[in-house]
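Engineer: Pulled these from TrEMBL:
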- B:18-434: domain 'DUF112' (DOMAIN)
- B:20-47: transmembrane segment (TRANSMEM)
- B:59-80: transmembrane segment (TRANSMEM)
- B:107-133: transmembrane segment (TRANSMEM)
- B:145-177: transmembrane segment (TRANSMEM)
- B:197-217: transmembrane segment (TRANSMEM)
- B:253-275: transmembrane segment (TRANSMEM)
- B:314-337: transmembrane segment (TRANSMEM)
- B:349-369: transmembrane segment (TRANSMEM)
- B:381-402: transmembrane segment (TRANSMEM)
- B:409-441: transmembrane segment (TRANSMEM)
- B:461-482: transmembrane segment (TRANSMEM)
Amino acid sequence: MLTKKTLKAATLGLALVGVAMGASANEVADYPSKPIQFLVAAGAGGGVDNFARVVRPMFEEAVGGARITVVNLPSASGALAHQRTANGAPDGHTLDFASTTYVTSLAAGQNPIGLDQLTPVARMQSDVMALFVNPERYPDFESFLEYAKENPGKVTVGGTHTASPDHVAFLSLRDASGLDMNFIPYDSTGNATANVLGGNIDATTTSLSPLLSYIEAGQMAPILIFSEERLDHYPDVPTTVEHGWDLTDGNDRAVFVHADTPTELVQHLEGVFQEIFASEEYQAYAERVNLDYREGWMGGEEYRQRLENNYELYSRLLQNGN
Amino acid sequence: MLEHFLGGLAVVLQPLNLLLLTSAVFIGFIGGALPGISGVILVVILLPVTYGMEPTTAFMLLTAIYGATVFSGLITAILYRAPGTPEAVMTAFDGYPMTQQGQAGKALGIGVLSSAIGGLVGTVALIVFTPILASMALRFSSPEYFALAILGLTVVASLGGRLIYGLIGATLGLLIATVGIDPLTGTSRYTFDNLNLAEGVGLIPMIVGLFAISEVMKRALDQDSHQPLKKVRIKIFDLPILRQIGGTLTRSSLIGVITGILPGIGASTAAMVSYSEAVRWSKHPEKFGKGAPEGVAAPESANNAAAMGALVPLFALGIPGSGTTAVILGAFIMHGLQPGPMFMITSSDLIYAVFAGLFIVNFMILLFSKPFIALFTKLLNVPYSALGPLIVMCCIVGTYSVRNSMFDVWLMLGFGVLGYLLEKLKFPLVSIILGLVLGPIAESELRRTLSMSQGDLSILFTRPISATLLIVAFLLLAVAIVTPMVKRLRNRPAASSSSEQRSNP
């Protein structure tokens, strides 16, 4: 009797192990086994939303057919999208599309879903950050620097809401340069831009691609670029690294999944996104929306390292800031 | 410029484009009429469809949908007090009482005409003045926005009813507006650690709850399921009415264009400011809220004018003036176009075709609205016991779709109960909405103003536009408070002297 029971239990145990192993092996082969959700941690029509919607048909094709729905969850700087991803099944069928706002809001304490609950699959875009001014007011960074030094507390820099990538870029610049400047948060990049154009504030720290048309028209100019090397398009504009400030963060757009997703599956998904990234179609899109100023691709593991470092830096900046 | 416009018109009048515009108008009509489905959502849904189109055609389609949506929010606002879009909230205040008095046809007619006129004024301003107006809008910064919000808020004193109720209502609105993560410091306010409240209380759940749901509750609980009208005859061109609302139309269209052009202030705020001014300028402010034709004409002409006005900074500067235009900006970028200062020069063919398309759309609204509205008025014959649940269902689906949030649905139902109770107490909902919409503008712009000036309040009076607006607000407030006092004083001796005369024959 006893042996029979033991045998039964052993068989059952073996069977369970078999199922578990089979599942992890099949997870990749069977993917996708059900409809996929793209959760966009931002509102409809913005950069992250466009990114998810452009990638969607390419993803469909790359995994050999899938049913994908795109759901926008803009509330709480996208924290609801992260929450839903982290609380869902760890089977790679829920993908979280997010920007740098993910880590800035995490550092600000506005987003409870940390890097222990989400795994980055890939970073696809990195929009270059820069300091922009009205060139009639400040022809170059030297003149801006001089004015800011002579008038402590007088310089106002605008950008999107508190703890946004714009704000964090400002804080890191202020921290590194030691200049006494104030940040004014606006509801959108457009409002901050309008205030620089109208001469109501001195500058804005934001990403490059939305402001290209103003640069071409000569109404706005980047005077300092957050990058290691000068950009080919703007050979005369100095970089932060030249000034000895190690600030190279851009506004990134990346894809995340549940932290417990099997490693093979995460790697498989990373491969899918890498294939998409390398495709002509994707590159044409990146060029069209001016996201080809520097390499956008970064693998999941490398990106996690970067996010962890940034989380520490941003937490410190936001605590000292304001 | 005229040459360009005629060129654009020629593009629009091609049969295929005309067909596309017509379908865009109908799509916009349906989206606008359903509570919760807004222009933003429609544009996002249709954006991928436009990838295969030529940019000119694509943007004619998207902007036409945008224009038609703003218009058709009035239908359900007037007939069922369920504003189809946030822009149409103010229309419900007088439109729905008109329906209850059996004047639905008249209210709808006024709404259609006002929308078309407002839309045309806005389109003409867009075509003629885009470059000039855009540079003027840049002179508006935080101090000016603050002053504008204050000007709007002071109207609480001019609204009919008891002043104390108005003040309590406005304060309640301001209070609700403070919920959420403070955009300036990132501090959570009244969120109770609930992520759903981090973004604040949404305007759509609040409007849909306070107006549509509370009305359904009232009709159900108060056994007032009797619908007095059977046939609704919409009269769009009615000369005596036109004479009555002419002044309001002119003023509101202008207010609409100007507020629409200001980046960050949308058509909803424009409707509110123009309603406020209509009350203020009226000889009978006490009639507002009870079915005044001007109360329909003012917000409808203003919101359509503002919707067109919001395109001015988009085309001339690449800065969106409202939520939907922000999505259209995204659409331009997806098509590889870059709206900005050079856009008018580099893409003038496209822009003038879009302008011409919008011009035609306003006439299409006049032409097609009657048969479309007829679909909705037919529903009035359905017994309310069947229609009521249908309205509630539409409200739930619409509210959910805005942020894919079930929390918003519960919030909306909660506001429905609140609205029902407040109305039982004869509380003016209009003052709550004023506080809710203008409160965040006033608060954050004042704080931005103080950041700009390093804490010096005098900046509000050293900048000419904000100084003027604030002085006007102060004067109007003083007039609103002093006039009834003077009237009372004057009436007293007059009454006593007349009684004396009578007693001394």
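Using the three backbone atoms N, Cα and C, a Cβ is placed for every residue, glycine included.
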Engineer: Check the transmembrane segment (B:107-133) against each of B:20-47, B:197-217, B:253-275, B:314-337, B:381-402 and return whichever range has the most CB pairs under 8 Å.
Structural biologist: B:253-275
Engineer: Report yes or no: does the transmembrane segment (B:145-177) come within contact of the transmembrane segment (B:381-402), defined as 3 or more CB pairs under 8 Å with a sequence separation of 6 or more?
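Structural biologist: Counting Cβ pairs under 8 Å (6 or more apart in sequence), the transmembrane segment (B:145-177) does not reach the transmembrane segment (B:381-402), since there are fewer than 3.
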Engineer: When you look at the transmembrane segment (B:253-275) alongside the transmembrane segment (B:20-47), do they share 3+ Cβ pairs under 8 Å, ignoring any pair fewer than 6 residues apart in sequence?
Structural biologist: no
Engineer: What same-chain residues lie close to the transmembrane segment (B:59-80): Cβ under 8 Å, and 6 or more beyond its ends?
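Structural biologist: Contacts of the transmembrane segment (B:59-80) (Cβ under 8 Å, skipping residues fewer than 6 from its ends): 12, 17, 20-21, 24-35, 38-39, 42-43, 46-47, 50, 53, 86-89, 91-92, 95-96, 98-99, 104, 107-108, 111-112, 115-116, 119, 211-212, 215, 267, 296, 300, 303-304, 307-308, 311, 324-325, 328, 331-332, 335, 350, 353-354, 357-358, 361-362, 364-365, 369, 372-373, 376-377, 379-380, 387, 391.
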Engineer: Take a look at B:197-217, B:253-275, B:314-337, B:381-402 and tell me which one has the most Cβ pairs under 8 Å to the transmembrane segment (B:409-441).
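Structural biologist: Ranked by Cβ pairs under 8 Å, first place goes to B:197-217.
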Engineer: At a threshold of under 8 Å on Cβ distances, which of B:197-217, B:253-275, B:381-402 pairs most often with the transmembrane segment (B:314-337)?
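Structural biologist: Answer is B:253-275, with the largest number of Cβ pairs below 8 Å.
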